[in-house]
Amino acid sequence: LAVSFGMIGLVGMNDSATGANLDSMQAFYQVSYDYISLVFLANVAGYFLSCLSSSFLTHHLGLRSSLHFAALSLSSGCLILSFAPPFGAFIASIALMGFGGGLYDSAITTVISHEESGALMSYTYAFFGVGATFSPLIIGSFVDKGYPWNQYYYCPLGVSILLAILSHYAFRNSTMSVQTRMIRALKMPFVWVGFLLIILAFGMTDVLSGWMVSFQNEKRGMPDAAARYNLSGLWAGIALGRVILAYFLDDRLGEKTFSVVMLTCAAGFLGIVWAVRNYIVDAVALVLVGFFLGPVTPKVLSTVSARVPPSLKGSTMSMTIGLGLIGSAVGPLLFGVAAGKGYLASLPAVLIVCSVIAAGVWSVVPKNKRRED
């Protein structure tokens with residue numbers, strides 16, 4: 001479990017680093033918001049491809065070899081980025097890191113889903129938030145000291161190599177039977193509801209993480225390093241919410257009630273970010289947005305997992321995460337186009353609308369029924 005948590009944490013580092021480094025990347029390559037938004041598409045393209053191939057790779061290579069392949073992909077992307085390559089190679093490296101991160105994510109999520117524990121799924125994704133908290137802190141300190149943006153990537157490179165070594169021993173006896181019977185799974189109506197929920201959950205988190213630094217710099221006049229520290233606060237809130245709220249409320253509230261309450265609270269604090277122009281208020285509100293929004297993603301995954309037969313868990317969870325990445329790609333990319341046309345200030349309002357839509361979709365989630373093979 002410790003190695004699994006570390007791998008998910010590394011994926012979180014990769015996810016938040018893009019938003020934290022976005023302005024520095026844009027300045028280095030001297031491109032518009034529209035073009036720099038390609039980093040989100042590249043990351044998610046790699047992520048999506050890995051999720052589609054995860055079941056095949058795990059079945060034919062085994063879990064340990066698949067994790068080694070993930071480490072190789074992510075480490076290669078980090079190494080190339082550390083040299084600040086030309087823009088085309090830069091985009092390709094982001095995609096390579098996305099592929100490695102996606103392979104880690106789908107493999108570990110499938111392993112955890114077999115434990116049949118919503119709380120454990122939430123704890124696992126809390127480490128995603130922990131990893132995502134560190135990236136903006138490191139990048140912010142680099143900005144303060146005048147270090148170039150590309151030097152950050154030595155940090156995840158070192159972590160990736162360490163985890164590859166640890167996984168070689170931690171998963172040496174692991175086997176995982178994967179039966180790709182997606183046609184049967186796709187005939188289950190709830191799977192499609194789960195697909196929509198995960199698209200919204202991933203999309204909201206990535207839009208917020210990807211564009212909050214730019215929003216605070218451009219529309220709030222916040223210093224570069226301070227905006228990145230606020231992004232760390234957002235991810236710290238996400239990590240804490242996934243642990244604390246899962247521990248105290250997971251067994252006390254039903255899936256629908258829990259998720260609707262979380263989304264409503266997140267929307268309320270997004271409203272504060274939108275309406276109040278104050279650095280301290282923004283910082284506190286962002287932590288609370290993350291605190292309430294964070295548990296929604298693992299709740300979607302555990303809810304989907306609880307409604308499919310054990311033989312379909314691997315392929316269904318990989319597909320669910322893969323389709324969630326549509327939200328991760330389309331959301332930040334579309335908002336990048338909107339930002340390029342002068343609508344950057346609408347970021348909190350857009351996310352409030354998405355929260356309301358997600359709460360509405362949760363209201364049609366059917367009751368859980370026992371799954372049989």
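Note: Cβ is positioned from N, Cα and C throughout, glycine not excepted.
TrEMBL assigns the feature transmembrane segment to residues 120-139, out of the candidate ranges 60-79, 120-139. Here the listed stretches are 120-139, 191-213, 321-339, 345-365, and the one with the most C-beta pairs under 8 angstroms to the transmembrane segment (233-250) is 120-139. Of the two recorded stretches, the transmembrane segment (345-365) does not lie close to the transmembrane segment (120-139), with fewer than three CB pairs under 8 Å once pairs fewer than 6 apart in sequence are set aside.
Only residues 6 or more beyond the boundaries of the transmembrane segment (191-213), in the same chain, are considered here, and those with a CB under 8 A from a CB of the stretch are 15-16, 18-20, 22-23, 40, 132, 136, 185, 224, 227-228, 230-231, 234-235, 238, 286, 289, 293, 296-297, 300-301, 303-304, 307-308, 316, 319-321, 323-328, 330-332, 335-336, 339, 344, 347, 350-351, 354-355, 357-358, 361-362, 364-366.
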